[in-house]
Amino acid sequence: MPTINQLVRKGRQKPVYVNKVPALEACPQKRGVCTRVYTTTPRKPNSALRKVCKVRLTNGFEVISYIGGEGHNLQEHSVVLIRGGRVKDLPGVRYHTVRGSLDTAGVKDRKQARSKYGAKRPK
């Protein structure tokens, strides 16, 4: 615990805020074009082929975005909408593609949590 004299000399230091999604530039979502669609493997305890795409955003940033859900229709030059949200077991992936928006189709035959995957209500 500092003395009053130490506080007078130095003062308390504010914690430095680090932006977790710098490419969004304080916007909720951003549009971009896929430059590469590929699969990658997660970090140590997990094992899978995770679907990701490299996206060039309208503001010039180039980011890696995760494609959630089972199956997707994305390829190079697809126009996608990305939102913030990292994938814990994929290093460098800090964004998610929004399903059911622009060129990204919603997940087919999705019954639960449909709004997160752009699936329409089944008849």
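Here the Cβ of each residue, glycine as well, is placed from N, Cα and C on the backbone.
Per Swiss-Prot, these features apply:
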COMPBIAS  113-123  compositional bias 'Basic residues'
MOD_RES   ASP89  3-methylthioaspartic acid
REGION    104-123  region 'Disordered'
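Long-range neighbours of ASP89 (3-methylthioaspartic acid) (same chain, six or more residues apart, CB within less than 8 Å of its CB): PRO42, ARG43, ASN46, ARG50. Per DSSP, the compositional bias 'Basic residues' (113-123) is made up of 3 helix, 0 strand, 8 coil.
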